[in-house]
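Single-structure report; data block below.
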Amino acid sequence: MADGRGQQLAPFPPFWDPAEPDVSAHQPEQARLFDFSRATFYSLINIDECATQMHYCQANTVCVNLPGGHRCDCLPGFIRVDDFSCTEHDECASEQSSCDDNAICTNTIRGHLCTCKPGYVGNGTVCRAFCEEGCRSGGTCVAPNTCVCPSGFTGRLCETDIDECAEGLIQCQNHSRCVNLPGWYHCQCRSGYHDNGSYLLDGSSCVDVDECATQTHTCWNESVCVNLPGGYDCMCTFGPECTGDCPHEDGLKRNGEEWSLRHDRCSICSCKDGRVFCRRKECDCEDPEADLFCCPECDSRLSSQCLHQSSHTLYRSGDLWIYSCQQCRCLEGEVDCWPLACPPLPCEYTAVSEGECCPRCVTDPCLADNVPYDIRQTCQDPAGITRLSGAVWRSPNTPCTVCKCKNGSICCSVELECLQNN
């Protein structure tokens, strides 16, 4: 006979009967030997309760045989209830899942499943709001079919420009006037004024043009040029020859008369009590007889039009459009562009979606464009190699897969050109 450890046990003597109750009464010496051997027998023999199904382990456990006993271990994905039973670990209920806030967590055997909620798209771990018609003018889709518009735009899809000038939201300085732009506005210097180079937003950098000092006036030689805010005046010198008429351009203009300048047909002058007042013509593009030379913004001919940077679209002088995240304007055949202003975002990670100009907040660093790398955060690739944040490597099993460590997150992508060449 052998025990569970391979030890051989001597058989009971033929006169030993473990069931005999009075063996010690008539054989004292053998009784002592019998008691010792019985204890030794039961201590040396190992009964495998797991193999013989003599254990107490319940469902979701595995029986592990031990010398003189056994234990019940939980299967992967289950947690212990007591020494003999385990229950499934519900990552969803314990809020230990990897699901996005906008995903539905479904508990499964040994794990869980993440599914984006209706109105959101993604892999469940990362879900972003989906707007069926998209958000225009750089708007951000923040909830199903809900856009948050950048400054200067409104509407369900951010399709409507806010006319800051018409709604009285902007107060330009007296020497400038408000010009509405898509998503923005501009305080343009009035006639007779020009910007001093500061280009302040409220137009306070518009200063008077001194036509007298710059010799851009049209006063007659015998008259005196007097600079005025936004214009100038031609005054007759005091004397008996001074009347209410106005000497001008080698001639005499009657008091109250209006005329166009000989060398500047875009200006209109008038004579009043011996003084000449000149101003730029006002343009009315609805007037079919508008002077297109003085009002190029009213010109529909090709000479004053602008061609779109990447298409065959023609714009009239004065038209505005958005191209490559810039605000562009056609001015007498010349295209002027300036960057669109984007609102600040209160988040750590941002990304610019395709077709949009302004960034939006993202929670997944793999989707972010602006990750400030922290070398204290590392990643461990599937091969067990520790990678510093910002490190780039190729997967040894799939050489067309490029991975990058972004502050503890491994972000991998497939190079399409590599796949085509291989």
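Counting starts with 1 at the first residue shown.
The backbone N, Cα and C atoms fix where each Cβ goes, and this holds for glycine too.
What TrEMBL records for 1-23 is region 'Disordered'. For 46-87, 88-128, 129-159, 161-199, 208-243, the entry in TrEMBL reads domain 'EGF-like'. Taken from TrEMBL, the feature disulfide bond applies to Cys131-Cys141, Cys149-Cys158. Look at TrEMBL and you will find 304-362 tagged as domain 'VWFC'.
Positions of TrEMBL features highlighted on the structure.
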| residue | record | DSSP (3 states) |
| --- | --- | --- |
| Cys131 | disulfide bond | coil |
| Cys141 | disulfide bond | strand |
| Cys149 | disulfide bond | coil |
| Cys158 | disulfide bond | coil |
Other parts of the chain folded back onto the domain 'EGF-like' (88-128), taken as Cβ under 8 Å at six or more residues beyond its ends: 60, 75-79, 141, 143-145, 362-364, 366-367
Inter-residue Cα distance where the pair is Cys141 (disulfide bond) and Cys149 (disulfide bond), in Å: 9
Fewest other Cβ within 10 angstroms of its own Cβ, chosen from the disulfide-bonded residues Cys131, Cys141, Cys149, Cys158: Cys131
Whole-number mean of pLDDT values that fall within the domain 'EGF-like' (88-128): 86
Rounded to the nearest Å - Cα separation of Cys141 (disulfide bond) and Cys158 (disulfide bond): 10
For the domain 'EGF-like' (46-87), the number of residues DSSP places in helix, strand and coil: 0 helix, 17 strand, 25 coil
Separation of alpha carbons, Cys158 (disulfide bond) and Cys131 (disulfide bond) (Å): 12
